[in-house]
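K.L.:
Taken from TrEMBL, the feature compositional bias 'Acidic residues' applies to 26-35. Annotation source TrEMBL lists region 'Disordered' at 26-49. As annotated by TrEMBL, repeat 'WD' applies to 220-261, 262-295, 309-350, 433-465.
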Amino acid sequence: MYFRGWSTLIGDMGYALSRLEIDPDYSDNESVGDDNDSHQSSSQNDVDPEVAQLTKLKSAPHDGLKRVLPRRGEFDVSPVKMLAGREGNYSGRGKFSLADRCHMLNKYLPVKGPSIVDQLTTRAYVSQFSKDGSLFVAAFQGSHIKIYNAEMGWKLHKKIVAESLRWTVTDTSISPDKRFLIYSTMSPIVNIVNIGSAGTESHANVTDIHEGLEFAADDEEGYAFGIFSVKFSNDGRELVAGSSDDSIYVYDIEAKRLSLRIQAHTSDVNSVCFADEASNLIYSGSDDNLCKVWDRRSIRSKGKPVGILTGHLEGITHLDSRNDGRYFISNGKDQTIKLWDIRKMSSNAARAPISRNYEWDYRWMDYPFRARDVKHPSDQSVATYKGHSVLRTLIRCYFSPEYSTGQRYIYTGSHDSCVYVYDLVTGARVARLVHHKSTVRDCSWHPYYPMLVSSSFDGDIAKWEFPGNGENPIPVNNSRPRRQYYD
C-alpha cells in the first residue's frame, strides 16, 4: 500500500483528518507532503557503522527474501514480494524472522488520522502506554490523570485526582504488572495508586488510598524540591527519580524507604532512566548540559559516575534508553536529539570553552538563529537529529518499538505543535504529524501495533494509526472553549 495525499477534510464522518507530511524517498519512493511547508529537518548523520549494522540486523529482510526476483537483490522489498518469498521458503525457515517482520511493519507507520481519544480544557503533560500496550495513561495540569483501556475501545479504566500537587503532574509510570501507577509533581513526594482496584474514580485518599512515598531525607524536613522524572525498575521493586535539587533518588518500594541519593549534577536533573533490564546502570540528563552514566554497584564506594557524555549546548529535557545497556538518546534545549554510545564516555566532563554571546531563556524566548549551527567542540555523541523545536517545557523523545520497527526510528514531540519521526541511521525526517494547536510535550508509540498517541497543551489526546482499525473516533469539538497559551 502506498501513502498518497491525505490532506483532506472528511466532513460526513464528523472529524478532521489533519495534514500529514511524509518526506520524499520514503515508502516505495511515493512522496506526500505540503509544498508550502519549509520546516525541514537539517539532520545530516555519518552515523557509527556499528549502530547502522545493528539497526539493519533488526529490521532488514533475510538475504533469501531480497532475491525473490532472479535479478539483483533489493533492500526495500515490497510486502507482496516478502509474502511470496515466505510461501516459497526462500529464507529456508518457512516463516518470517523478527527482522523480516520489522521490515514488513516498517512500511505501515502510525501516521494516519488522528482520531481524538479525549479532549480537556487543560494542558496534557504526559502520555504513555503500559509495557504491553493494553493501558494508556494521560496526565494533565490541574491534578487529573486518566487511564484508558486501549484494548477495550479506549474505555476509561481509571480517573485519578492527584495528591500533593504543585503546579502539575510532572511524570507517571505504570508498574510492569500493571497493578500500580506512580505519579510525581513539583514536590518531594511520589504517590503510588492501586489501579487494579474496583471502580473508575480514584480521588486521593477519598475513594482510594494514594500512598505518599517520601523522597526527602529525615533530616531535611521542610526542604522542598520537585521531581521531574520517575520510573519503575524492570522488576517493579524500585523507583528511580530525577529532581530539582540536582539529585538522583532510588526508592525501595518493598522496604518503603529511600535507598540511595546521588548528588548527581550541578543543576536540575530533568530525566532519568534505567539502561537495561538488569537496572544496574542509570542514565541521567540535566540542565548542566551533561548526560551521565551511573553504576549502582560502585556508587556507594566511589560516589562518582562511571562516565560523562558531552555534546549538548543547552540543558537536557529527556532521555530514552535503547534497553541494551549501550545506546540512549537525549532531547536538548539546543533544539537537537543526540544518540549516545556509552563506550565513548569519558571520566570527566570536557571543559572546552563555549562562546555564548547571547541571552536566552527557553521558557519564553525563541532559540537564537545564530546558535542553531553551533557544534560543541568536544561532542561525543554518535549522531544528531534536528528539525523539531524544544521550547517552553521538557519535551520528550523515544526510540520506536523494537517488536514492530526494530528501533529503526526516533520520534519526539515539539513546541511547533507537531510530532516528528526521524530515521535513526540517516537522520532523515520520515514524518511530521500535524494536528495540535499548541506544544506537544509527550507522545507514545504502541509497543506492538502501528499506533502512536500524542498529547498537547491544547488538551487533545490524539491517536495516529495505519491503516486504521475501523473504530469511530470521537468528533473533534472545535467549538469548545480553549485556554489562552503564553507560548
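Positions of Cβ are set from backbone N, Cα and C atoms, glycine also.
If you look at the structure here, what lies around each of the features I listed?
P.N.:
According to DSSP, the repeat 'WD' (220-261) comprises 1 helix, 23 strand, 18 coil.
Sequence-distant contacts of the repeat 'WD' (262-295), counting only residues of its own chain at least 6 positions beyond either end whose CB sits under 8 Å from a CB of the stretch, comprise 228-231, 233-235, 238, 240-244, 246-250, 303, 305-310, 312-321, 323-326, 328, 330, 332, 340, 342, 345, 349, 394.
Outside the repeat 'WD' (309-350) by six or more residues, the chain places 47-48, 50-51, 229, 267-268, 270-278, 281, 283-293, 356, 362, 367, 371-372, 374, 376-386, 388-391, 393-399, 402, 407, 410, 412, 422, 424 with a CB less than 8 A from a CB of the stretch.
Sorting each residue of the repeat 'WD' (433-465) by its DSSP state yields 0 helix, 20 strand, 13 coil.
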K.L.:
For the repeat 'WD' (220-261), give me same-chain residues lying six or more residues beyond its boundaries with a C-beta closer than 8 angstroms to one of its C-beta atoms, as numbers and ranges.
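P.N.:
For the repeat 'WD' (220-261), the far contacts come to 166-167, 170-177, 180, 182-188, 190, 192, 213-214, 267-274, 277-279, 282, 284-286, 294, 296, 299-300, 318, 394.
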K.L.:
Please count the residues of the repeat 'WD' (262-295) that DSSP assigns to helix (H, G, I), strand (E, B) and coil.
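P.N.:
Secondary-structure composition of the repeat 'WD' (262-295): 0 helix, 19 strand, 15 coil.
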